[in-house]
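Here the structure is laid out as structure tokens; the discussion comes afterwards.
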Amino acid sequence: MTLLTSSLLLFSLLTSRLEAIPVLEKSPAHPAHSAHPAHPSHPSPGVRILRAPESLVAPLGDEVVLECETSLQPERFEWSHRSSRSQGAGFKYLRTGTAKANVSQEAAISRLRVLVREDTLGEYRCVGWFGPLVVTSTIARLELASTSLVGAQESESPLQWRVAAGNSVLWSCGQQVQSNPSASWSYYRNGVEIKPEFIGTNGNLILSNVSSESSGSYSCQATNPASGERIQLPGLLQLQVTPEQRSLSKSPHLLKGQPSSQEITIREGSSLLLLCPGVGSPPPTVVWSSPDVVGAVKNKRSKVFGHALEISDTRVQDAGTYICFQDNGVRPALEHYIKVHVEQPPQIVRPPWADLTNEGDRLKLECEATGVPSPEIYWLLNGHSSIDDTEAELSNNFLILHSVLKRHAGYVQCFARNRLGEHSAGTLLQVNPKQIQEPRESGGTHRPKPNQGSKQKQMYPPSPPNVTRLSDESVMLRWMVPRNDGLPIVIFKVQYRMVGKRKNWQTTNDNIPYGKPKWNSELGKSFTASVTDLKPQHTYRFRILAVYSNNDNKESNTSAKFYLQPGAALDPMPVPELLEIEEYSETAVVLHWSLASDADEHLITGYYAYYRPSSSAGEYFKATIEGAHARSFKIAPLETATMYEFKLQSFSAVSASEFSALKQGRTQRPKTSTTEEPTLQMGDRDTTTPSHNETFNMSPMLTGTLGGGAVLTLLLISICLCVCRRRSSRSRGNNPNKPRMAELRDDFVPLGNCSPTKQRQRTRHIHITLNPLAQQQQGMEEKNDTDQDAPYYQRPSSYDYDPGLRRMSSSSLRRSQRTLERAGGSNGSNNGNNNNLNQSTETGPVENPGKPGRVLMKRPRLSSRSENLSSGSLNSVGV
């Protein structure tokens, strides 16, 4: 059955239409359907400022609190200050616990309490220390609350306006007030406060559709919301409203003191209110338009209220000139122009990015930002200004380090700044230090030995590991061995210790093999390993121990201090979704995945890929994928034509995400070539995978014919072998002169022939005991057994004289004879128990003229072949 099934499968395979599978040269970097920026995702240290201190305006003598929060609890917080009285001075770290500044810390939140004085005004920064990493917040300004009049005369005479009923009157009473923060306004008519129709007019009072009841004396008052200071403006408005019927026709015109044009500056995201001054008789109709802004009036964010145009959620594209056109049928019409400027806080759109950099190399970092006015770009290296660094050069939006030094390793931050605020972005700069040759112990010149090379290979240590939290009790380490020509590394060991006094280094039990001596990137070869059984809410350091081919070892530099944060206190990381497992080759697959939102990429440093054969329940193999923009990755080497299961998780230095759903995929099946590949004479060529022209170049019809003929030939040969073996077995069984020993052995040989399954047969020890006295009964048993021989696998018994019996000792013959005589003397019958066959035997006297008095024991016949197989000791005959 097995042979037939295999033959049919081979026949179907050979007769199917086979085409060569093209060989892929390189794994695609990204799926085709996704868009990617010009540079990979910037490596993030995993720690960042979640909440920077905010700018405040307060009066003298008041106490303010500045708050700063980081994503992970730092080792310590510090605050720096730059006074507003010293122009051009740098930031200085504050001494805490003084009368004018006090710092308190609660987990990952730091609070700075400042007493507002002339010397405490200025700019403040929050600085978080995470081992060698320094993360700096954006600037918070502390300013003094103030309100003042600009160019106003206390003896200013009031305005006298006379208008026809039905007009809209605009009075700008707040043009002479300067307030920080912006003042709130109150309006009065005849000494009684009135509620304005529009709020947020910045000191402009608009009276729509005035009537005789609107006549009166108007005044206004400005209040500073921070200090509560109030200023009563000296200017007054005397308004007189006449009935429309009594007014003469007059074209639209401006009243005394009304501006002919306006220029307004507003912050992006605020609400903008444009007011159109002018009156006429009859009251004019107002039409709004803009030659610079398409759809400025007819959109969901704009509303027209006669002489007012309100634009909510102002955007940069709303900047431009707006025209208020007034017409009442009397020429000329009136046009009023309003110039709108929209300011935008700075926003970094292209953050800096840095990879592992060798010490002494040149590094160029770019930082691109938007904002109105155009923001100023400056850089901090681990909290220190790049201006003070002798190796740094600033060129437009670029930071150039002519020679990267060890002190540059850490966090590099780019800041974009304009008068509306600041925005920052950073990257982790890892510096691969130069390898320093160890000096020889003995001084003077060293003459090499005859058998010793002129240059001895060095032991290059691995880089210090980067640490990522996996769970409350485990972390993942990532390190790299830089490209070198030193001694090969055999295995790695991971060591860790808890930070504190008298804490020793612990070594994990796992040996991490180096693998093939092959660099998997331009910088070197990267590795990963996990460390378990750690304690949460404790700080650890890690290092890597490399064991070399000379059985010596060398340690890496220790990692930065890592605080193992409990998972409940961390925000969840975005979980990638495995989309497809592409069969890349016989030994490789390509994973394709996606994120729920590309906006989450700034939270991710890279991905961990886990895989193992689907038939295995062992531990997963791990692979590290650097860069948040990656959407595919090739995993190799794998077993040929093997099903694997895969899962992914994203990670940062703080934590790792939950695992994605398991997805299975297999490697390609082996490609069988029907042509022999010629031997290469010159050059290097990859012969592991046949090319398109070399694979299956025979036609499908010819291939099918040859395959079918081969299968039929195999079937005929198998049938002939089985028939011949069965005939030879029968011919041997019919030979009456065959020795008894050979007959018993042949009885059980056919059990292994023509077996339907190739199961492993259990080896049994054969114990055969011949009855030397049973030969005289040969004729009688042949007569009784001949008719029933076919249904049984046991051959007919033959007791012919065998010359081999002469070799049996006379003592054994006499013992056997006495046993039979005793059995025959017990009333001529006895039911003996055969322990091997578990069947009864019959004994009795048999008359034999040649040998009187001889008692023979008749051997029982087995009922079936299956009973023979289940006996367990078929080749033992009890006498």
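Counting starts with 1 at the first residue shown.
Placement of Cβ uses the backbone N, Cα and C atoms for every residue, glycine included.
Given the structure is predicted, the values throughout are model-derived calculations rather than measurements.
Swiss-Prot names ARG497, LYS501, LYS503 as heparin ligands; from the candidate set ARG417, ARG419, ARG541, the record adds ARG541 to that same site. According to Swiss-Prot, the listed position annotated as N-linked glycosylation site out of ASN209, ASN753 is ASN209.
Checking ASN466, ASN697 against Swiss-Prot for the annotation N-linked glycosylation site singles out ASN466. As annotated in Swiss-Prot, N-linked glycosylation site applies, among ASN693, ASN784, to ASN693. All chains included, 16 other C-beta atoms sit within 10 angstroms of the C-beta of ASN102 (N-linked glycosylation site). The CA atom of ASN466 (N-linked glycosylation site) is located 35 Å away from the CA atom of ASN102 (N-linked glycosylation site).
Most Cβ neighbours within 10 Å, among the glycosylation sites ASN209, ASN466, ASN557: ASN466 holds that distinction in the structure as shown.
In the three-state DSSP assignment, the secondary structure recorded for ASN102 (N-linked glycosylation site) is strand.
The two recorded residues ASN209 (N-linked glycosylation site) and ASN102 (N-linked glycosylation site) have their Cα atoms spaced 57 Å from each other.
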